[in-house]
Structure formats: structure tokens, C-alpha cells
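Engineer: Copying in the features that TrEMBL gives for the protein in this structure:
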DOMAIN    55-508  domain 'Glycoside hydrolase family 9'
ACT_SITE  HIS435  active site
ACT_SITE  ASP486  active site
ACT_SITE  GLU495  active site
Amino acid sequence: MALLFFSSSSFDFRVFIVLSFFIVLCNGSSYSSSSPSSSLLSTHHHRHHIAKHNYKDALTKSILFFEGQRSGKLPHNQRMTWRRDSGLSDGSALHVDLVGGYYDAGDNIKFGFPMAFTTTMLSWSVIEFGGLMKSELPNAKAAIRWATDYLLKATARPDTIYVQVGDANKDHSCWERPEDMDTQRSVFKVDKNTPGSDVAAETAAALAAAAIVFKKSDPSYSKILLKRAVRVFAFADKYRGTYSAGLKPEVCPFYCSYSGYQDELLWGAAWLQKATKNVKYLNYIKMNGQVLGAAEYDNTFGWDNKHAGARILLTKAFLVQKMKTLSEYKGHADNFICSVIPGAPFSSSQYTPGGLLFKMSDANMQYVTSTSFLLLTYAKYLTSARTVVHCGGSVYTPGRLRSIAKKQVDYLLGDNPLGMSYMVGYGPKFPRRIHHRGSSLPCVASHPAKIQCHEGFSILNSQSPNPNILVGAVVGGPDQHDRFPDERTDYEQSEPATYINAPLVGALAYFAHSYGQL
């Protein structure tokens, strides 16, 4: 997430004279069959349905994107080969090992709050739709594990979570590759004295959800994750407070906890109930649900507010697992779904003229992907329970929910007034100047010399396309009038983020399977 800029025009790479050389050198064999040319629109047949989009190709790329966001020592099987090792001393400022994890977006900071949410949503995507992913399932699990390995490091000390590496204000005063970082890698934490129930409970949710993912394929790792999740949630619940209260200069306005910590406590408890089957979490939800905002009317689901996700997840426990004590969550979940159905009673969501769900100008596509995922997941639960959504006197079937989600995903992939795919590397027309340091600057292979802090701003402010294709990256997307300028300096519309892609992985797996592509 980028909010601050300092300009410099003193540096000339002469890179634009040989830009095509850089593109070939950096991207030549980095993603093999996942190259942009392989994602031209194709037709598939399944049960008499015709798909305009290659959802399987989009799925592959949506997962590959996470390799471009990796921090730390890259593995031998790294497919995004224009990236190199970075952040190898992370954590040393406080004498801890915090190497690894993900950069959240187009900068070089590791923000723990959105990273944990990304991990939870990647895990939920695999829990619900991993059985459909086939050859992409190992890649999805690898993306999850890259995050959970880091989260285990960040939670290694009891009653302490290291929630951020890097000073965002200083990082945003530079435009440099992660491999060249020379800004101070400050480390920030929450503990008993400076609590952070929001980031702690989200981290617990991530660890618990991932424990479910690895339960069969790696049971020993799963047990480690779940044991840590239990401990971290206890810390979140015992020492209450928002992490941005104690770390405001460091995390605001980037990832302030605007919605408070109550939603994360409900969300975290829901995941721990699902992962442990321990009745104490069910009792916790029953006793604290209302206080934690179970019935509050909010219809935005993302890295900050988890209420809608918690309602959908807990409704599964009622509908599918027959936990009668959670019956009220069906009504709460229906209220959320009704709020996003166009034309439904109580609908309160705005759509662009071209049909895209529009919540806000900054990184709006995150709400498109998260809402689409919830629609598909809830439709799955409703189908299993043979029931429907009730919106006042109107009834909506699971099929209607799926059709709304499909329209959103198809818009993202190119069915929009501009004919623009908002996933980099998918389709013939996609964003070429994304707000991303590593993608926009020459890769190490083509420009081995260090690029200094301020030297990259000449490229940030240029109109040249990015030399490195961050395949699978989904950008913030168009404005409320379906306009998209493809400007590198426009971080609201042109910056990708891990939490945009994470829920999309599940949605794409569902559609790829539905149309016989998997």
C-alpha cells in the first residue's frame, strides 16, 4: 500500500532505449506456460455451458503472483525468476528471525495484519475449493506455507507478535527494488503492554485455517499451526485493544484498524471452533457474539472488517453441521448477502455502469474478490442444506448468488467497457504500468548494479511499461465510472495486493471446475 511519494529525476537508467531487452532478459522463462500469450480468451464446454474465459489459466496466474511478492531466501523452484533474495536480515533489529513472508503490495514492507488476512483467505479458498484445483493445489499450499512459516516466526515468543518489518514512511520515500533495500528494517510488535487484539486474532485465524489445509497432507505441521493458533487467540482475547492505538505512527494510515478488534475476535473464534472442534470456542461465540458485533449491519468484507466472513463461516456450522445454537447466523449472513444483490430488498451496494461492485476508490477490487468468494461459498453451503436466501419477502437461490459472483469475476478478467483484464498477464489487454517497485524497475539480471533509494522515481513518473511482468497480479481496478488510466503513480487503481488475490483463488477454482477446465 503506497501513500507517500518523493520525486527525483536525476537518474537515467538509459533503460528505455533497450526496454524490450530488459523485458526478455527478466521474463524470458520465468513463467513458462503461464506467459501472457497463453491466456487469450478461449472457449470451453461443460454441461452445455460455454465459458468465454480461461478460468484455469487465470487460477494458475492468480497463485503464481504470490511468488512475486515473496520476501526472504527464494527457493530453487521459484518460478517468478526476475525476483531475487531480499530482506535476509529482517528481524535483526530486535534480535529475532523474521526472514520470509510477503510484501503486501507494491512496496517493500511486511505488514502483519493484511498478511495474516491474506493467509486466512488463501486457506479458506483451499478448504472450500481445493478439491477442485488438481495440479494447482500444491502451488496454493506452497503459497499458504510461505506465509505460515513466517507467522510462526512472528509468534514464536509468548504474548508477543511481531506485526511489521520496515518503516512504511521511510520505505515510501524510496522507489527501489526489494533486492536493493537500504532503508532501516525497523521491527514493530504487540505485547501485553501494547496489545493488538485485531492483528493477534487475525493471525490466530490464519494459523487455524492453515492447520485445516495441512491436516491430511502434513499432520505434524498442522498440529504446530493449531497449537500456536490457540495460544495466539488466548493472547488476543486476554489483552484487548487495537494495534493501531499503540502503533499509530507506524501502521496508520496504511493498515489502521478502523473497525476495531471485535470483528477479529469473532472471526478468530469461528476459525478455532472449526479447526479444533473444541466446545469452548462454540461457547465463546454464543456468549460473546452480540458484544463482538455479530448482528451489526456492515456489508464490507476485507483486511479490516471480518464480520461478514465470520457470519458466513458460522452459518455453515448451523446449515451443514447442524449446530442449532448458531441458527441466528443464517439471518445475519442473509442480511449481508441481501445487501450486495442488485435490486434486492435492503440492497445497499453501489455498482458501476459496467456492473462492477464498487465500495471505495482505493483498491476497490479487493472487495470485488472477497464478496465474490463469499457469494460462492455461501451458495455452496445453501446448496448442501437445500435452502435459499431470504431478503424481506424475496427469495434468492444459490444459482443467483453464483451468477452475481461470475459477473464480477468476468468483469475483472475483461468483460467490461474498456475490454481490460485487471489481472496482469491474462488476456490481450491488461495493465502495463502497475504501481509496484520490483515490477517497474529493471531486474537484477539485466541491471546488477544497485539502484539507489531516490533513483527509481524517474521510472515511477514515466509512461514506459513495466519491464517485469508480475503475472497474476490483480490491481485496484477502475473507478466508479469504469475508467482506468493505467498510471504507475495512481496507487489507488494501479497497485496490486496479496489480499486482492487470496479470495480470487477460490472463486477461479470454482469456475474453472464448473466449466470443465479442471
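Using N, Cα and C of the backbone, Cβ positions are placed for all residues, glycine too.
Keep in mind that TrEMBL annotations are predicted by a computer and have not been checked by a curator.
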Engineer: How many Å separate the Cα atoms of GLU495 (active site) and ASP486 (active site)?
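Structural biologist: About 10 Å separate the Cα atoms of these two residues.
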Engineer: Looking only at C-alpha atoms, tell me how far HIS435 (active site) is from ASP486 (active site), rounded to the nearest Å.
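Structural biologist: With the alpha carbons as reference points, the distance is 9 Å.
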Engineer: Say we define neighbours as other CB atoms within 10 Å of the CB. Which of the active-site residues ASP486, GLU495 has the fewest?
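Structural biologist: Across ASP486, GLU495, these active-site residues, the one with fewest Cβ atoms within 10 Å is ASP486.
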Engineer: Which number gives the other C-beta atoms within 10 angstroms of the C-beta of HIS435 (active site), all protein chains shown included?
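Structural biologist: Result for HIS435 (active site): 26 neighbouring Cβ atoms inside 10 Å.
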